[in-house]
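Notes follow the structure.
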């Protein structure tokens with residue numbers, strides 16, 4: 001039962017309130033304000049000597065709403081909305097507002113610890129294997145001859161060199177595009193695993209791959225659009241290409257969770273919270289660059305003992321293929337960080353837009 005005074009004047013009514021008043025009786029004498037009972041809760045007391053009632057305190061548990069994305073003002077009833085009705089500061093996927101980069105890193109580590117057993121076979125199958133296949137194709141189709149320089153300084157191309165170069169680039173490009181479909185299957189499957197595990201739902205590898213198969217074609221199409229836009233940016237200058245890479249980094253999560261306008265939405269996410277989002281994406285980009293650089297150096301140095309055309313003999317072919325496979329496997333940790341980091345960055349932005357939790361995001365994946 002509320003201890004607030006009833007609405008209306010605070011002066012007590014005449015004795016026998018609730019009975020019909022006698023219209024012929026004189027009005028009751030004015031009450032002394034100092035003798036009025038004071039409410040037993042906090043509020044604004046009337047100024048001394050002025051008639052009137054105390055201004056009641058707000059209803060317990062209620063406070064002026066905070067600005068979107070801000071914590072309540074000091075003294076309010078709740079620091080966070082209850083879990084399930086809003087943000088949950090303990091949510092393993094969604095970094096709540098104002099948890100900062102520390103909360104994001106904590107959830108990144110948690111996602112990798114929870115999911116590595118399911119994510120590792122997915123990433124090996126859909127990322128490392130396609131990478132190794134493209135690398136081996138490059139070794140097999142590399143031109144057999146090398147350009148030389150004539151006495152007059154003009155370049156001399158070996159016979160069939162241009163044809164071999166065209167075959168090399170076209171084959172690698174087509175293989176990369178087709179294997180990109182497999183890679184996008186893996187990105188979708190990995191996103192499904194990370195999200196469902198955070199929500200406490202079962203997330204087996206087989207079920208994840210089946211989900212990835214359903215989403216792979218659409219995600220692959222948007223990845224081609226993203227790659228084209230980044231390439232155009234690089235052609236104009238390096239900086240526009242770098243901007244495009246960051247602005248379009250969340251196209252995949254946006255497509256998987258929202259399935260509408262992933263390009264425009266990804267750009268808006270970056271612009272809405274430019275510094276924090278850019279910082280998270282920079283961490284992901286650093287992992288990708290380090291992983292790619294490690295694989296590149298290993299493959300470049302490891303292939304030297306096998307010559308320019310290692311696939312010409314079985315002995316050197318086995319060694320060259322082994323180096324390519326090892327380089328692809330060493331890039332797996334970077335792929336895991338990329339996968340989890342992008343999902344967490346998207347989930348954090350959703351928390352700034354409104355209350356959301358891992359269970360809701362898992363349901364949105366479909």
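In case you wondered, yes, glycine gets a Cβ from its N, Cα and C as well.
Lifted from TrEMBL, the feature list:
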- 1-12: compositional bias 'Pro residues' (COMPBIAS)
- 13-22: compositional bias 'Low complexity' (COMPBIAS)
- 1-57: region 'Disordered' (REGION)
- 119-142: transmembrane segment (TRANSMEM)
- 168-195: transmembrane segment (TRANSMEM)
- 216-234: transmembrane segment (TRANSMEM)
- 240-257: transmembrane segment (TRANSMEM)
- 277-298: transmembrane segment (TRANSMEM)
- 318-344: transmembrane segment (TRANSMEM)
Contact between the transmembrane segment (168-195) and the transmembrane segment (277-298) (3 or more Cβ pairs under 8 Å, separation 6+): no
Long-range environment of the transmembrane segment (277-298) - Cβ separation under 8 angstroms, sequence gap at least 6: 101, 104, 131, 245-246, 249, 269-270, 323, 326-328, 330-331, 333-335, 337-338, 341-342, 344-345, 348-349
Positions on the same chain near the transmembrane segment (119-142), where near means CB under 8 A and six or more residues out: 112, 164, 167-168, 171-172, 175-176, 179-180, 182-183, 185-187, 189-190, 193-194, 205, 208-209, 212, 295, 299, 303, 308-311, 320-321, 324-325, 327-329, 331-332, 335-336, 339
Contact set, same chain, for the transmembrane segment (216-234): CB under 8 Å, 6 or more residues outside the stretch: 177, 180-182, 184-185, 187-188, 240-245, 248, 251-252, 255-256, 259, 262-263
